[in-house]
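The following features are taken from Swiss-Prot:
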{"type": "SIGNAL", "residues": "1-50", "note": "signal peptide"}
{"type": "CARBOHYD", "residues": "ASN69", "note": "N-linked glycosylation site"}
{"type": "DISULFID", "residues": "CYS82-CYS135", "note": "disulfide bond"}
{"type": "BINDING", "residues": "ASP95, GLY206, THR214, GLU216", "note": "Ca(2+) 1 binding site"}
{"type": "DISULFID", "residues": "CYS165-CYS249", "note": "disulfide bond"}
{"type": "BINDING", "residues": "GLN177, ASP228, VAL229, ASP231, ASP301", "note": "Ca(2+) 2 binding site"}
{"type": "DISULFID", "residues": "CYS191-CYS244", "note": "disulfide bond"}
{"type": "DISULFID", "residues": "CYS196-CYS207", "note": "disulfide bond"}
{"type": "CARBOHYD", "residues": "ASN238", "note": "N-linked glycosylation site"}
Amino acid sequence: MYGIEYTTVLTFLISVILLNYVLKSLTRIMDFIIYRFLLIIVILSPFLNAPNYGINLPITGSMDTPCTNSTREEVFLTSTLCWYYPTEAATEINDNSWHGTLSQLFLTKGWPTGSIYFKAYTNIASFSVDPQLYCDYNLVLMKYDATLQLDMSELADLLLNEWLCNPMDITLYYYQQTDEANKWISMGSSCTIKVCPLNTQTLGIGCLTTDTNTFEEVATAEKLVITDVVDGANHKLNVTTNTCTIRNCKKLGPRENVAVIQVGGSDILDITADPTTAPQTERMMRVNWKKWWQVFYTIVDYVNQIVQAMSKRSRSLNSAAFTNRI
């Protein structure tokens, strides 16, 4: 009996000793692996040059949230700048080498000559149909015209903000806008927009759903239309679809790599959607000069201050992708 108990105790002690030995062996092996891994990291770290993403960046909200950039003063060496101007500027200057002249002047401000791109547009109406902004920073010059003030404001609203858009089938469905950020954006050679608000029984309010002549006309033969109606109410729409495309869009936030520079005019463009708030003028500037050379000289002189108010995080704008995100 005592022999069996002694054997059991001895077996238990041997098991404990073996287990302790195994654990110590595993610990030494793991320490060896970890130390070798750390040694490899220390040796290779001077040869690795990878950016550190996401440590202090917000993971919610707009990706356009401005973040501190420790290399901001060197941004011009690795960035592109697009300059959009009306063709009348080139006509007035009448100099085939004026692009090269401005590129050399930009060089004095720290911008390499190969990073500046000049793009002309005929007029506000034509630019509204097919705006394309591809550079890291985009400066859009608009000469003030009192007869086109509203068109300029709509174009500025389109350019200075990001929009998430989806197609609208106005022949089959009614549509409503859910909040102030929800707008209907139309583009085309000629956009005429008519709307008929509906009650809860889908009957027209002040109009007949079967007679488009009774609809309220909110835009007539325009190139770009941003339509805002009463939120929460269904609407039946009538659009010149053969010459115009309409999309249901949601304003996501600012497109911070775009700035609009108004040339001349006594009034400052305002793209504020809500009439009860202060005017929205972020990245909207004005230059008051009569001659285009003077306008260009002024902008070159202040280009670095203008860019400091911008961010190159935003997506590019291509109206060809209008069905998804602009």
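Glycine is treated like the rest: Cβ placed from N, Cα and C.
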Spatially closest candidate among GLN177, CYS191, ASN238, CYS249, the listed recorded positions, to ASP95 (Ca(2+) 1 binding site) (Cα to Cα): CYS191
Among CYS191, VAL229, which are recorded positions, the residue with the most C-beta atoms within 10 angstroms of its C-beta: CYS191
Residue pair CYS207 (disulfide bond), GLN177 (Ca(2+) 2 binding site) - Cα distance, angstrom, rounded: 19
ASP301 (Ca(2+) 2 binding site) and CYS82 (disulfide bond), Cα-Cα, nearest whole angstrom: 16
Chain-internal residues, separated by at least six, CB under 8 A from CYS196 (disulfide bond): GLY204, ILE205, CYS207, LEU208, THR209, THR212, THR214, PHE215, GLU216, HIS235, LYS236, LEU237, ASN238
Sparsest Cβ surroundings (other CB atoms within 10 Å) among the recorded positions GLN177, THR214, ASN238: THR214
Other C-beta atoms that fall within 10 angstroms of the C-beta of CYS82 (disulfide bond): 21
